[in-house]
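Student: What follows is a single structure, and I will ask about it in a moment.
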There are 4 protein chains.
Amino acid sequence: SVFSLSVPLENIKCYGFDMDYTLAEYKSPDYEDLGFELLRDRLVSIGYPHELLHYTYDPTFPTRGLVFDTMYGNLLKVDSNGNILLCSHGFTFLKRSIQDYYPNNFIQRGNTDRFYILNTLFNLSETYLDGCLVDLFTRCSRYENCQKGFKHGDLFMSFRSMFQDVRDAMDYVHDTGSLKESTLRNLDKYVVRDLNLPVLLTRIKEVAKVFLATNSDYNYTEAIMKYLLETPPGAKYPKKPWRAFFDLVVVDTRKPLFFAEGTVLRQVDTNTGKLRIGTYTGDLQHGTVYSGGSSDIVCELLDVKGKDILYVGDHIFGDILKSKKRQGWKTFLVVPELAKELQVWTEKNHLFEELKHLDIFLYFLMWGTSPCVLQVVTYRMDLSYGQMGSLLRSGSRQTLFASQLMRYADLYSSTCINLLHYPFSYLFRAPPVLMPHESSGDNHPLDFPSPEFSVLDQIQKIAEAKV
Amino acid sequence: SVFSLSVPLENIKCYGFDMDYTLAEYKSPDYEDLGFELLRDRLVSIGYPHELLHYTYDPTFPTRGLVFDTMYGNLLKVDSNGNILLCSHGFTFLKRSIQDYYPNNFIQRGNTDRFYILNTLFNLSETYLDGCLVDLFTRCSRYENCQKGFKHGDLFMSFRSMFQDVRDAMDYVHDTGSLKESTLRNLDKYVVRDLNLPVLLTRIKEVAKVFLATNSDYNYTEAIMKYLLETPPGAKYPKKPWRAFFDLVVVDTRKPLFFAEGTVLRQVDTNTGKLRIGTYTGDLQHGTVYSGGSSDIVCELLDVKGKDILYVGDHIFGDILKSKKRQGWKTFLVVPELAKELQVWTEKNHLFEELKHLDIFLYFLMWGTSPCVLQVVTYRMDLSYGQMGSLLRSGSRQTLFASQLMRYADLYSSTCINLLHYPFSYLFRAPPVLMPHESSGDNHPLDFPSPEFSVLDQIQKIAEAKV
Amino acid sequence: SVFSLSVPLENIKCYGFDMDYTLAEYKSPDYEDLGFELLRDRLVSIGYPHELLHYTYDPTFPTRGLVFDTMYGNLLKVDSNGNILLCSHGFTFLKRSIQDYYPNNFIQRGNTDRFYILNTLFNLSETYLDGCLVDLFTRCSRYENCQKGFKHGDLFMSFRSMFQDVRDAMDYVHDTGSLKESTLRNLDKYVVRDLNLPVLLTRIKEVAKVFLATNSDYNYTEAIMKYLLETPPGAKYPKKPWRAFFDLVVVDTRKPLFFAEGTVLRQVDTNTGKLRIGTYTGDLQHGTVYSGGSSDIVCELLDVKGKDILYVGDHIFGDILKSKKRQGWKTFLVVPELAKELQVWTEKNHLFEELKHLDIFLYFLMWGTSPCVLQVVTYRMDLSYGQMGSLLRSGSRQTLFASQLMRYADLYSSTCINLLHYPFSYLFRAPPVLMPHESSGDNHPLDFPSPEFSVLDQIQKIAEAKV
Amino acid sequence: SVFSLSVPLENIKCYGFDMDYTLAEYKSPDYEDLGFELLRDRLVSIGYPHELLHYTYDPTFPTRGLVFDTMYGNLLKVDSNGNILLCSHGFTFLKRSIQDYYPNNFIQRGNTDRFYILNTLFNLSETYLDGCLVDLFTRCSRYENCQKGFKHGDLFMSFRSMFQDVRDAMDYVHDTGSLKESTLRNLDKYVVRDLNLPVLLTRIKEVAKVFLATNSDYNYTEAIMKYLLETPPGAKYPKKPWRAFFDLVVVDTRKPLFFAEGTVLRQVDTNTGKLRIGTYTGDLQHGTVYSGGSSDIVCELLDVKGKDILYVGDHIFGDILKSKKRQGWKTFLVVPELAKELQVWTEKNHLFEELKHLDIFLYFLMWGTSPCVLQVVTYRMDLSYGQMGSLLRSGSRQTLFASQLMRYADLYSSTCINLLHYPFSYLFRAPPVLMPHESSGDNHPLDFPSPEFSVLDQIQKIAEAKV
């Protein structure tokens, strides 16, 4: 299903798509496995201990949207105000000792020099590797544990430098093309080929304009899109070149820069994959591929206004926040984790219900007992998602990622293919968001004109009597 | 009532209060009347046409949180993404012509050089005056209407310069003290004296620390607080000096700077109202009044951590957003408009229900009719609040103010006195916010596994048949 | 005389003048006396010890262009690279102990939060008062001397807060108009009336356009200019209203903002001194006075290009650096101190010659003696100017002020009246600045092809033998 | 010779060296030839017309320190205030038409988004290539000349995109190592091996600490330094490993970042050239090579203060301005062009003398003739240096580069080897810089007390009579 704030599809005159993790869904956890191994091996090759090779990717540990504290080496799950929901050091989850690091249980998110948000699906293997490194050095008897890193003789491994090494390895793996190469060599293993994708794009193109805007380069884009659109065995639709599915193809977009001033727009020579020099200024020609440019140029070339575009992408910051905030586009966030999130939510909904009651009763009735029960249930619920819990919540509190999704995504779904289930005249409507005071007095248990007559106050009085 | 995200009052070790519009509620619309007249007369005294004197403050026009576009002179009501909900030019509400000014129905809120948010209750009279000026010159036959202002012979009145004149008049009225003087001369007319205020502060002080942090100067603070706390006729509590209600009093706080680096902390000579030179460095002395300082200094002097403080204020940016985002304080936003908002909401709830249904059915059933019906109902609902509609919503869409309230205020209420209705062991709990996909499938009409079996799709098909 | 980089007066099509300290020279030290007393009395009135009243302005102490270190309370004289030339704490000049404060004898000038440059002639009395305060508290037995200020019981007087109090007193004295009032009450005492000024302006107006651009308000400008231009007893020129001397008069210019985006241009009602509302857009009308605006607007109104304007002012930053760097104007810096600087330079030139020789010989011949001799002569030379030495140099090293003058001023002189001594076809030519390598080998004693044959090397060898 | 502001070598406790163009002088124009060819071929390989291959590097055209205007494609020579001294479009020098592009003959240097300063010796081949491209497209009949670039059918080649392509090619040539490879394959052709270099470093090391701080990576540094220091045929000094010449070797310094916050300091494994992981924290070990770090770390490791360091480099911004302004280091700028500059200066000094006289007399005597004579002599003088004239001046006016050299370099010379000619107890003394008013009245022709008695005024009167 597709979930939404209000978007009348009928008004959408133009659909834009990101490629990676949007049109091209990578198979999890195989693709993360691959990324992790390339990263890990790179670190060993630049001098990290060989013990690192014993680690393999564990998909049950990381959750997207965690924050790495480069000062203390902790992975943090936080809410939109910077309150800490969960904190791990290596693979050890901190409880009381969170206070030692963060006296106020709070981080100043604005301090981006210290706190790095691991926001994208590409960051998952990196997130896990950050955990592995802290785990490795913490356990390793050769190294002494210090506040800001590890010491071994004259050598100091700061958390900051370890984090930087992982980031650099990430760039290395992407820039040298080793990740792309491995992916292309084994497309069936790493990329989901959904026969409905050409169907969806064909249908959209009948009613609206369609463009592709990806940060990938042309050669990789060509290989992936060919695989997705041109060779589906047993496809019902007549075979046509992948570029024919789009009115406009733009590679090397450098989002989020693309949504601001952008870069020079160039034409791609589709025979060689190289850029043509100069800037193309003529009318839009079908099948032409461009490199660079900006969202403004796309609007101009396709002759559409921002509010008439629905842009589908997976990057909450680079694709969604920026296109909405700077350009007023309608946005569709692809959240592959959603399939699992929904499944857990449905299966474990009783835990959430339990939580809701515990929240209240724990505080009023069980003064004698510790609030641990609350934590235990939160923890049980979190574990249903994985060690780091849900992408979207921790117990009854929403994560930073969830709050950004709520603010900036008009639609979201686990895959863009789900659009196929809706007619193009469909009106997506969000359930109206009521503010606390707008919820009707009857069913809002805490909103009462005078405490004297409140049931909860009764409970309260009982609780006080018990003390 | 007090509405909230989750805050267990029991954990709060310290309560902080702003003064203006928080402890001291100004009587509406008398106080806005006063402000408007001072501003208006100032403008005439610096050369604006005498016709301006015919305008008197109309409390049914302005709503807090409007945005003034200094380029085109429009007052805008926008949502958190910058989409325009309502637009007036003078007192004329624009409909279709909004597109002429804002082709995408959208403003880049980040452009603070052009767009000014009239966020505080002090801004209400200013907001109305901005409307008056545009109205006056638009109607005045001596002036020619231009895109960015008005022309009269060699004189050009840009919207920007008019807006700047009003801002300067505002500073004049505050800095020369004429507003304060008038207020103090007629306290009963302008300031609400609630006998419960000393009760509330006394109760709080029994269980927690209490401080006052106001941007006002000492002399004004002294006069207002004396009136509120020392002389209540028929008060039940033994009379005591107003400063005895607080553990710490800080004036001249210069919020929002106060929540960042702050200024030098000085002692106030309470006999003369003048600042002592130098910085006070000793222990906190009861009854001492300070000037300047910062939130960090307050925490130090009172020996509390940020998360243990509940700060009560009326300024969404200066009091609430900053204290939460930079310091991790718990926040309580006073929204005097809430009393009226609740009343309208209750009385006109049928309109909102109607709107919910119209939203859906209009799109699916009534292709032949214009979407005007939707607008008409939205408009009828808006008018119940005033010409500019509700502070918090426009039809089914939330305003920027509402979205900021939801993000940054842990609690909100029409007055801080409402705290009196809750025991200090109270747990304020927000109704759990569910994300769209978490609402259970059954009662979410638009979320269906396959469109074939959907009732709405049936409607859709009927609609298509009608075309 | 007027000193210069190359400026052909003939090409100048427009002359602009600042008023304060440019057309209106204030009598020194009477005017500084007045400023000092107003500042000092203000400080006492806000709580500073009455002992402060014993201090009177000493014109031999301060030099313009000093830097106040708000951390340690020192007055510093620095060169353009931030190297310290002189350092006083109160009235005590530091020698060796400079190293304790500034280990590298160097300040990072870019740190404007800590280091404040006292650049204008208005700053002279402030500079001296900063010295007085440090002197007072250092001597006062009630106060304990600390690194960053003084302590007295629970009270801490930081250097930073003292400095801020003086700055605030400065604003108070200017904003309340007390300085202006006192000046206008006693014009003959405080303002130089040079009968040549109307002559100069009349002559210029015959060959070029003339404008006045002052940060002062209209009423003060009117009073001062009337005094300077309208009532000269025994003037040869026919009496005419002061505004007739200019093609354009602009008050409230808010330089340096004036040289960047500026403010709204308004007309001044010369009968009431009040601003007209709106912006004047017509052709330039003679005798009209404007408020605000920007340098771009001035160029437009007068129809001249930046390079055709010679702007005469006294503020190295606000008048000269900004007009040159942002607008490419030609600049004329008025440096009233120059009269004295020239006199000392002429009288004490032997000291400078001595210094030149000492510089060399001290290092090569007198290993046994301390380099104090060099310092002694520098000191003797400095003292001829005053306690803080010359505005422009310390011994053989140039001050920051001098280097800025050299970079940004095309012409400079002690008074703009000196322009009268030059025909308007005059070519001001700077002596060509040779770079060290361009000075011919013969008279550059240190530039020799091979050290074997150098006389200095001989000396060197002798010196080594002596060791 | 070495030219200077005052630096007593005796006080220098530590010498730091950059490598490229400082210890390793590249042979001109062979090295620029190489760079040009690599750049040019790269451009053709990405699609630029094959006609570009006809261009070969012309060392007589470019001068270092030119500014490229990315809007209009012009190469500009400017003075420190942004006044234009020379302007070429391609290889065509503009005269009158400069005004069409720059109405005020002036650029706002601060606008770094538009104006790019080609400051380093590496930029020389790039500068020439920028000229070639403009020349090629201007002449090419297929392309239409537009204001901001060239048009060919639907293709628009903006000057900005051409410039960006050259910059990208530059990065390509450096990052792929093709320039380094070619250099290392032919060291004798491209790198000057001065047998005095090991002598100089050995002598310095006897009296002070020595470090190398280069932006190059370890492998390239190793190859170059080995060549320069280890294998000199017929060297008098006993052979020793190159690292033994230094107390500290730092590669990958990322100047100018190195002089600010810097990067993580790592150890280099000198066997493999790879970085060790972690940060080295022990005492300085001789022969150890580090990567990254900052100037603060260097001071700490070597236990020296900034003012005791003389840093020798070739990059006016990255090496000299930053080390002086942020750290207070003493600086020595290597200016290889100086050898030629001095030679021309000496040979053509008569032209400069002529210029000095022309400057004056042209304005006073030859009203009837055009000021062209002045321009002709300036031009003849400029041509003696090359087409773009001297690095340091244009006629009697100094370039931006010269003014920066004067402000930030304590010493400068064509090569650091020249230090060998001075004893380490040497006092470099700048000829005292006199300000215009300090030059004695007698020999300053334009400074006269009253114009009546001036010789020049006589000339002036004659000139006026002639009109």
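In case you wondered, yes, glycine gets a Cβ from its N, Cα and C as well.
Quick paste from TrEMBL:
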BINDING   C:ASP18, C:ASP314  Mg(2+) binding site
ACT_SITE  C:ASP18  active site, nucleophile
BINDING   C:ASP20  GMP binding site
ACT_SITE  C:ASP20  active site, proton donor
Student: If you count Cβ atoms within 10 Å of the Cβ of C:ASP314 (Mg(2+) binding site), leaving out that atom itself, what do you get?
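Tutor: A count of 24.
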Student: Within 10 angstroms of the C-beta of the residue listed as 'GMP binding site', what count of other C-beta atoms is obtained when all protein chains are considered?
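Tutor: For the residue listed as 'GMP binding site', the count of other Cβ atoms within 10 Å is 21.
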Student: According to DSSP, which of helix, strand or coil covers C:ASP18 (Mg(2+) binding site)?
Tutor: coil
Student: Give me the Cα-Cα distance between C:ASP20 (GMP binding site) and C:ASP314 (Mg(2+) binding site), rounded to a whole Å.
Tutor: 8
Student: Tell me the Cβ contacts of C:ASP18 (Mg(2+) binding site) under 8 Å, same chain only and six or more apart in sequence, or just say none.
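Tutor: Once residues fewer than 6 apart are set aside, C:ASP18 (Mg(2+) binding site) is near C:LEU212, C:ALA213, C:THR214, C:LYS255, C:TYR311, C:VAL312, C:GLY313, C:ASP314, C:HIS315, C:ASP319, C:VAL334.
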Student: Please report the three-state DSSP label of C:ASP314 (Mg(2+) binding site).
Tutor: coil
